[in-house]
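Student: I am attaching a structure below and will ask some questions about it afterwards.
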């Protein structure tokens, strides 16, 4: 009980930090009237979009809430509600701050680069700490209510089902927010670039482009609210899955309650280390923005090792806590698994930066390919996107095997928990991106002096890299988290099958085998494997349609208002924002339901065909593995490849020197080819790739809930 209260106190501390940082950001200077006017357009557009998005999700949520109440229990329905509301709140509040921090960052950048960095990072840290704090509070407070308040045993089905439902609530918000926000932001970006840069020859963030405000709105709803919902879900779902595994592996043991609070204690310790880490993000004498951000991340990671040790010592201790599948599990081994999780995080960050960072081989190779035309740019971009999957996959495989050797599947779960303990700092780095991007746009549209734009460009270039790095982290943690969920599914299934007297549906299941000689297992693997590709294809098509609509709208305005190009007429910014809002909401519904319904279709489809519950459960389990494996590769390929395309385009803004020593500037044929590549890469890295993340996890969560419903 004492540990749990300490966990809740740490969750509250992160919320207090967010409130303090919000007051600090909002107290900063907003700049001149023109800057405030442009920021107002962005703020209104972002709030209008999110309000409409959450209204749509609420309608779906009400249906799911009623279904959970009828099929499971009132506690499960309330758990779903808690997960959904807190996930939405983290993204909404974070975006509420970011659309106010953008103009303040632009103004601060006119004073100094250090001031601009301070405001932008602090606004990102608000979102980060809200994600970590609200997710931890949601799980720990509800767990406390279910056990100490309602008197349920920690491993009781009422508790487990309610916590899994909480994860499902977060998942549902996440997939809608990620996909809807991605369609909006990339529809605006692609459409605006094709007409603005390629046809009209005007630079990015030029106020004459009617899609400019929509593009800046999209940065916030996609990279701030969308990423917040994504990592909130991964955080909550992975902690819940670890607790579910603890309830199965240590059922009946005296240490059960303590082991179930261990992942919560790890996350609580990491919140403290993340808050400390934020104070180390200061521009040094070398004026390296990335260096300042990495200093905060490294301090957080190093302190988290100490925090992990403290959490281990205060909860389970260093000795043996029990035997699982013939393996002696010790506190020391679990501590080592947590460190492996932190090492995996560091390696994924380094690898992703290598594949997406400017002046690195992959990005330079795409820029060089642009010199010979549009086609070679696309070919090289695709090559980099495929190559970028290898090293992260090897790191994840190494992490799985190492942790399994130390403490079995529970060790892998603890590694994922430690990875996600850093979510507060990681989300801060991500939410820093849209703020700096917007600040650059506001500086450009307000005609601030060139030296201000130079500062905002420097911040924005780093923001692009941090966004790519955090996507890599989100995918890696999602892949490992989904593996933990699969372990929870297979162990839950074994528990129900062994206790058929208490759960009549499972009384006649028989032996469930995931053997590859079973044709239903192979069929399940293939069916699961197609979901990320189909989901990604639908998402890319949606961006294409939204982008085409923006192209037509921008062309129409240029044609009907020729004074726009001369600066005599003002574009109708609101038209593009409203059009994209409707398109994104319309396009996100069907693909979002695909991973939700897939597990149900697999189970009942195979049951209908084979007449065997064992075959149906085996096919369902195999489909989950298919989603995890293919989803991991699709997501990494799309996000890293798209990030490389983006920074290859940016290489031409200051002039790219090819292998023959020729300098290619903005507006050159090579630059135009790089814009084409970036147009392909944008929906890759900001829509389809990131949206595969929640799709991987939600299929596993639905499978867990299906077991609970059938039981």
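Cβ coordinates are placed from backbone N, Cα and C, and glycine is handled just like the others.
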Student: Same Ca(2+) site as 678, 682 according to Swiss-Prot: which of 646, 654, 658?
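Tutor: Answer, per Swiss-Prot (Ca(2+) site with 678, 682), from 646, 654, 658: 646.
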Student: For the Mg(2+) 2 site that Swiss-Prot gives with 216, 219, which of 437, 457, 460 also belongs there?
Tutor: 437
Student: According to Swiss-Prot, which listed range is transmembrane segment: 191-211, 296-316, 359-379?
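Tutor: From Swiss-Prot, the annotated transmembrane segment range turns out to be 296-316.
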Student: Would you mind telling me which of 25-47, 48-70 Swiss-Prot tags as transmembrane segment?
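Tutor: In Swiss-Prot, residues 48-70 carry the label transmembrane segment.
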Student: How about the transmembrane segment (382-402) with the transmembrane segment (468-488) - do they touch, taking at least 3 C-beta pairs under 8 Å (6 or more apart in sequence) as contact?
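Tutor: Per Cβ check, the transmembrane segment (382-402) touches the transmembrane segment (468-488).
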Student: What whole-number Å value do you get for the CA-CA distance of residue 682 (Ca(2+) binding site) and residue 186 (substrate binding site)?
Tutor: 6
Student: Please figure out which one of 83-103, 126-146, 296-316, 331-351, 468-488 racks up the most CB pairs under 8 Å against the transmembrane segment (239-259).
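Tutor: Looking only at 83-103, 126-146, 296-316, 331-351, 468-488, the most contacts with the transmembrane segment (239-259) come from 468-488.
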Student: When you scan the chain for residues with a C-beta under 8 Å from the transmembrane segment (126-146), skipping those not six or more beyond its ends, what do you find?
Tutor: 4, 7-8, 10-15, 17-18, 21-22, 25, 75, 78-79, 82-83, 86-87, 89-91, 93-95, 97-98, 152, 158-159, 162-163, 166, 170, 224, 228, 231-232, 235-236, 239-240, 243, 260, 264, 267-268, 270-271, 274-275, 423-431
Student: Which one, from the recorded positions 223, 682, 686, has the smallest tally of other C-beta atoms lying within 10 Å of its C-beta?
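Tutor: Comparing Cβ neighbours within 10 Å for the recorded positions 223, 682, 686, 682 has the fewest.
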Student: The transmembrane segment (83-103): which same-chain residues, six or more beyond its ends, come within Cβ distance under 8 Å?
Tutor: 18, 22, 25-26, 30-31, 35-36, 38-39, 42-43, 46-47, 50, 54, 57, 61, 119-120, 122-124, 126-127, 130-131, 134-135, 137-138, 165-174, 177, 216, 220-221, 224-226, 228-229, 232-233, 236, 431, 434-435, 438-439, 441-442
Student: Six or more residues beyond either end and a Cβ under 8 Å away: which residues meet both conditions relative to the transmembrane segment (261-281)?
Tutor: 3-4, 6-7, 9-11, 13-14, 17, 117, 121-122, 125, 128-129, 132-133, 136, 139-140, 143, 235, 239, 242-243, 246, 292-293, 295-297, 299-300, 303-304, 306-308, 310-312, 314-316, 334, 338, 413-414, 417-418, 420-422, 424-425, 428
Student: By CA-CA distance, flag whichever of 189, 223, 685 among the recorded positions is nearest to residue 216 (Mg(2+) 2 binding site).
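Tutor: Of all the candidates listed, 189 is nearest in space.
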Student: Quick one, of the recorded positions 189, 193, 219, 230, 646, which Cβ has the fewest other Cβ within 10 Å?
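Tutor: Fewest other Cβ atoms within 10 Å, among the recorded positions 189, 193, 219, 230, 646, is found for 193.
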